[in-house]
Structure formats: structure tokens, C-alpha cells
Amino acid sequence: MAWAGGAEPHGDGRGDKRPAWDNKGQYLLSCLGFAVGLGNIWRFPYLCQTHGGGAFLIPYLIALVLEGIPVFYIELAIGQCLRRGSIGVWTAVSPYLGGVGLGCLTVSFLVSLYYNTVLSWVLWYLLNSFQDPLPWSSCPLDINRTGAFEAECQASSTVSYFWYRQTLNITADISDNGSIQWRLLACLAASWAVVYLCVIRGIETTGKAIYFTALFPYLVLTIFLIRGLTLPGAVRGLIYLFTPNVQTLRNPRVWLDAATQIFFSLSLAFGGHIAFASYNPPRNNCEKDAVTVALVNSLTSLYASIAVFSVLGFKAANDHGRCLDRNLLRLLNAFDLPDQSISRDDYAAVLAHLNATQPESVARLPLEVCQLEDFLDKSASGTGLAFVVFTEAVLHMPGAPGWAVLFFGMLFTLGLSSMFGNLEGIITPLLDLGVLRRSVPKEVLTGLVCLLCFLSATCFALQSGSYWLQVFDSYAAPLNLIIFAFFEVVGIAYVYGMPRFSDDIACMTGRRPGLYWRVTWKVVSPLLLLTIFVAYIAVLAWTPLSYRAWDPQYAWFPSRQEKSYPGWVQATCVLLCFLPALWVPAVALVQQLAKRRQKQDTWQDGCPKLQEGGAS
């Protein structure tokens, strides 16, 4: 096989035989578990709804074919070929590209900090779901226990109050750190303990846990889908989700969001897939693996969208019905009509009749605008979907605690399987580098990494922690991953060399890559990634650095107040955007200086010999 530099595959860097997957299914489930994460549940449906419904699938599929699958194939192939983690792989391709591996490791570390914090929030909700009624189903009494309910809860909603006040106990400003929330810190410690127990011996233990963590979410999604389709309003939710609006395709932001969604959905440039592939046998068909995992990941996003929006359609229909009931009550009281004399179906006709006969009386009534589409529009992404919108939908379902347990159990296992890939993207390169002596067990390094991550993530357990998590989520990974993916494609196509890489693939799969792969690797994917990079920079430059604060004193509460980040937080955002990527020029510069120094040493060593030879 045409290994880099003609060398044979390396082990784990510690002198031991490199571990291997027990079977092919274990490896595919691990890749799928890493790729399929929380974003498939709470970001893709939101993007699909807001960017033209079914029309969004057009740029999504184009980005999948031209960007996602080609980059994914490169990571699986080079990891399997060189049998090393991200740092070892890109150093072997070229010492000048060693910074790409270090950058991938850094991003995996930063993402692990806040990703597992989200899991700690999920764990908190999961533990609170074993109650009937659910704790977010009603407002608590005020502190004085005078019989009145908390004013903040009454002004917002029960689910929002439980999330922002009883869970996060959030401050009104990011500059006000507040105090440590010990219940969240305990959940954070428990989440890292679970992650450590699962990754304690690398793929030997994650390979066993992945059977449950990767397959359980599909079981829960199927249960939610079957139940959701039987609920009133589910069909309206799905029609609203997938009704195509082709006009939205004229908006460049739609194409940018589609490209970035594919990119992050497949977990590209984190180093986790390279680490997973390095434990494969040399003759494994990585081309088939790349296509299979990428397609299943995208189909999972569609499947999750149907399940989620069937339930959200039910919630919208429920909210629409209650809105009509409030208006009906106002009409009955204002015009002294008999109770139950107007049904929901008759409301529009009755209102039109009253508007025609008694317009002044109707105009004085505080009637709400009750349009089902308006309630369907009130969807959200991220934590807003998981901890506010969906939890409210669950409240209206019979047997609410059981559905809450299933939902948050699904989110926890989804996030856990993604954490396996994040940690492998950190631990495998460190093992390959031999940062610990051979006599030190692997469990010690894994424990030290998890402990460091836990201690670094304690800032998210502060009252301002959710604001900081938003900062990390928005700025730590996106731009850096685009940069690293660009260098990965260029590094393989133009530094490692396409003929050499094609020989490696022929040895692994039995055939050389076809025209589609060669064209996307050499031309299409680099240009597309460069375009995404420029567009993303433009979006960042034009988007104000701001956040939405939860402030009960805000005049328009419960709407969240838009605030600009303080100067020092803006500096942190910029630092997170570019700090991991600085590894690339830094390592290249060090290599260049070392090479120049080596030439100088060689020249100085040769000078005396020349002079001695000339004297004789």
C-alpha cells in the first residue's frame, strides 16, 4: 500500500498493537452516532421550516453531494490509510500541515466543554420528568407563600419560568456572572462521569455503549412519530413544514445555511472521524462507509423533522384552539349569548356577522388574532426548541411524564454518542503523540482529559452560563472548521497528491476513485469551501455582536431584550473565531524556521571541512 512516506501503518504511538473494532457494524454506528446529534433534532427542522420548507432540500442536497460526502470520504480514507489521529495524519501528509491536526484537537476540546453542558441541562430535565404533574406544568407560589403565584411566571409562561429561572436562574446581563448553580454543577459532574465511563478504554468501551446510544434515539423518534401522527393538528404541521416556497432560494443566506448545516451535521474537521477510521482494517471499503453514513445522517434529519413537527403541529392546533376559546368567551360575555352557543368552527362566521351588525361593540373588545399559521411560526431552534417549545407540547399530551422521559432520554443518548467522537478527536491524537509513558494506563489519560474538560466547563454553571454557552456555540467552531476542512481537501489534492491518494484508495477499496471524486476534491469542494468562508466572514461582519437577555424588568417582557456584547466579550468572540485556526500558520512557521536553522547548521558544519580541504 502506498502509505505516506512509504512507511507502514503506525500503531497508537505507545508501542502497542493498535485497537480494532469488533465488527463493521460497531464502526458504522460510531460514525453515525458522532454525525447524528442534537442538531439533527433541533436545527435542521427549524432551517427547513424558515427557508422555504421543501425548497430548502434543494440547496441541502447540492451541498451534500458537492461538499459533505467528498470531505467526509477524505477523512475516513486518510485516517484508515495512515492509522493515526488527526495530528499524526496531517503531520505525515506534510509537516507544514501539522497545525490542522492541532486545530482540530483544539476545536474538539472547546466544543466538548459546552456540548456536555447541554447534556447536563438535559439530564436535569430528565430527572425532573419522573414527576406527575411535571414541575413546569404550573407556576409556583411566591416566596412569601401568600397564595399568589410568582409574578415572573405569570408574566411569561410556566415552561419559560422553569427554564430561565428554576433551571438556569439566569442573570439579566452577561457581565453579571452571578453565583454557581450547584444543581447544574452536580448534573455537569454526572454527565462527565457518564462520558468517562463510556470512553474509559476508547473504542473497547464506546463500541459496546454505541449499540444503545446510537439506536435508542431512532426507537424514540419512531414512537413520537407514530403518536404525533395520531394527534390533532399533526398533518397541518407537516404541510406547513414541507410546503415548498421556491422564492426563498433567491436569498443567499438559504444556500449558506444549507452548506453549513451539511458541514456541521456530518461533524467534519473535528478529527473524530479520522480517529474512528484509524482503527479499521486496511482493506475496509471506506468509500461505501462515507456514502452510507452521510445518506443515513441526512435521512435521519428528515425523519426527525417529521416526528418533531407532527408534535409541534399538535401544539399549534392546541394553542390556536385556546386562543379561539378566549375570544369566544369575550363574545359570549359582551353580547349576553348562551354558554356553548358558539363553537370553534362557527367563530369566524359569527364574528363576521357581528362585525357587520355591531361593528363598534366588536371594536371595543380585546379580541386576539387567532391564525393557525401564526402559532406554527412560533417554532424555535436549539435550546429554545428542546427546553421551551417541545416541553410545552409534551404538557398537552396524555401521559406527559412518560413522553418527557422518552424525549429527554433520547436527547441525552444523542448527545452522548456525539461526545464519544469529540473525545476520540482529543484522546487518539494525544495517544499517538505519546504524551504519557507506556507504563501509564490509557484510563489515566482519559480521566485527565475528562477532568480538565469538567473544570474548564464550570463557568457554564454560573447564572450567566447560558450566555457564555451561546458565545462558544456561535464563535468557537464554525469558522475554524471551515478553515480546517479547506486545508484538508487542499492538503490531500495538492500536497499529498491525487495520484498517490488514488493509489492508497485502490489498495483499500480495490478500485481507484472515479471522476466525481477527483473533480470534487481538486476543484469543486475547495472552491465551495472558500466561498462559504468568504460568505461566513461577510455575515459575521454585518451581524451585530449581540445576545438576547431574559430580564423580568424589561418593558416588553416576556420578550427577550436585545443587548450588545460588552467590548471585552466581543474581543473574546473574535479570539474564539480565529484562535484554533492560528495553529496552522504557527506550525508552518515553526517548520520553516526549523528547516532554515537546519540548513544553517549544515552549512556551518561544512565550512571548516572546505577550509581544511583547501589548505591541504
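Each position is counted from 1, following the chain as shown.
Even glycines carry a Cβ here, placed using N, Cα and C.
What TrEMBL records for 27-45, 57-78, 99-127, 182-203, 215-242, 262-279, 291-312, 403-423, 444-463, 475-498, 519-545, 565-590 is transmembrane segment. Here TrEMBL flags Gly33, Ala35, Val36, Asn40, Ser265, Asn297, Leu414, Ser418 as Na(+) binding site.
If one looks beyond the transmembrane segment (182-203) by at least 6 residues along the same chain, the residues whose Cβ comes under 8 Å of a Cβ in the stretch are 19, 21, 26, 30, 116-117, 119-121, 123-124, 127, 167-168, 209, 213, 276, 279, 416, 419-420, 423-424, 427-428, 442-443, 446-447, 450-451, 453-454, 457-458, 460-461, 465. Relative to the transmembrane segment (57-78), the listed stretch 475-498 leads the set 27-45, 99-127, 403-423, 475-498 in CB pairs under 8 A. A contact links the transmembrane segment (99-127) to the transmembrane segment (444-463), because at least 3 Cβ pairs that are 6 or more residues apart lie under 8 A.
Over all protein chains present, the Cβ of Ser418 (Na(+) binding site) has 27 other Cβ atoms lying within 10 Å. With Cβ pairs under 8 Å as the measure, the transmembrane segment (215-242) is packed most heavily against 403-423, out of 262-279, 403-423, 444-463, 475-498. Looking at 262-279, 444-463, 475-498, the range that has the most CB pairs within less than 8 A of the transmembrane segment (565-590) turns out to be 475-498. Long-range Cβ proximity for Ala35 (Na(+) binding site), meaning a same-chain Cβ under 8 A and a gap of 6 or more residues, is found for Ser265, Leu266, Ser267, Val293, Ala294, Asn297, Gly421. The 10 Å shell around the Cβ of Asn40 (Na(+) binding site) contains 25 further Cβ atoms across the protein chains shown.
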